[in-house]
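A short write-up of the structure that comes next.
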Amino acid sequence: MTEETHPDDDSYIVRVKAVVMTRDDSSGGWFPQEGGGISRVGVCKVMHPEGNGRSGFLIHGERQKDKLVVLECYVRKDLVYTKANPTFHHWKVDNRKFGLTFQSPADARAFDRGVRKAIEDLIEGSTTSSSTIHNEAELGDDDVFTTATDSSSNSSQKREPNTRTISSPTSCEHRRIYTLDPYPMDLYHPDQRLPRSYPQVTFPEDDEEIVRINPREKIWMTGYEDYRHAPVRGKYLDSTEDADSYVRFAKGEVPKHEYTYPYVDSSDFGFGEDPKGNVIKTQPPRAKSRRRKENGERSRCVYCRDMFNHEENRRGHCQDAPDAVRTCIRRVSCMWCADSMLYHCMSDPEGDYTDPCSCDTSDEKFCLRWMALIALSFLAPCMCCYLPLRACHHCGVMCRCCGGKHKAAA
């Protein structure tokens, strides 16, 4: 890119990490722009290039490793945006084509919402919109794509002698951990051996539960975990190895030790008896190796990569999750015939085509597509059952009787 502009960080309405792609019409494929590499791509509000005093929107991409501007494209009302797949979107302005390969479907959806928001503001003529497209209902705790620093910048934590601050990888809320020492050092001499104790750690906001951790491994959690990596907290808290320390999660006071030891009557021990026969073989129960799902706990879905609440997770909440009813409807109604016809006859150079039953009148092939579907229904009459079955399925999704459910990542 010859002309470089550096918009203010506050002017972005959405910003994600992606690989900028360029279209090669000679070979009919997409290739990385300027040698590839992860770039910070966002939609920001800038002054209109024509200098008429009005504001416009610019899609700005800057490669991370060398700060090279690899993408600059002004958003226009006639911008044609295509979602080829969940992680690759491309658009066309005049005769120029741009594409982005996102790192996750959540990034792609956030960028799509940002572009649509910019186009709506241009159509309405109001570019003073200060509302951001992010809200807690659509995005999770980790889906904040505005100017946020990487997790590596927050990984340094100050070590204190008695108080440490850590944060959960699924939340930015910080908590204090207080280590209670039941044996003060002032009461013992240096040469006196201290009795062995188990340090008690209290998390005031979590439910009461005993889990094991390995004290030989130092765990330092950062304040902002990358959602593409497995959570560190679940890795260490689910360990079943024997440990010398116990961590207790409690709301109030720390209860007493829950281990119960069997009582043996003193009459069983006599002179001349074999002491091996009186060995107590009962062992204390082991702590649970799996944490139960707490009330209001949020996890990330493996299908759509969005955060969800386990208590509110019902059918129809995840559009990307497998839906057996929807798959059965498409097979019974032979919709694969319509998909094959549209792919071979009405697809664009990238192989994308409109949904067979779409009612979008802005499509150039709207009338031709429906006429072809009507003609095809005479050869496959079962296609006429698709619309009624799809309407029933939609009602079932609204009633939470069918549809896909979120699935927590392991």
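In case you wondered, yes, glycine gets a Cβ from its N, Cα and C as well.
Taken verbatim from Swiss-Prot:
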COMPBIAS  146-156  compositional bias 'Polar residues'
DOMAIN    5-122  domain 'WH1'
DOMAIN    197-252  domain 'KBD'
DOMAIN    300-408  domain 'SPR'
MOD_RES   Y224  phosphotyrosine
MOD_RES   Y227  phosphotyrosine
REGION    127-171  region 'Disordered'
REGION    274-294  region 'Disordered'
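On the 0 to 100 pLDDT scale, the domain 'WH1' (5-122) averages 85 in the predicted structure. Note: the domain 'WH1' (5-122) comprises 24 helix, 60 strand, 34 coil (DSSP; helix = H, G, I, strand = E, B). Residue counts for the domain 'SPR' (300-408) under DSSP, split into helix (H, G, I), strand (E, B) and coil, are 52 helix, 6 strand, 51 coil.
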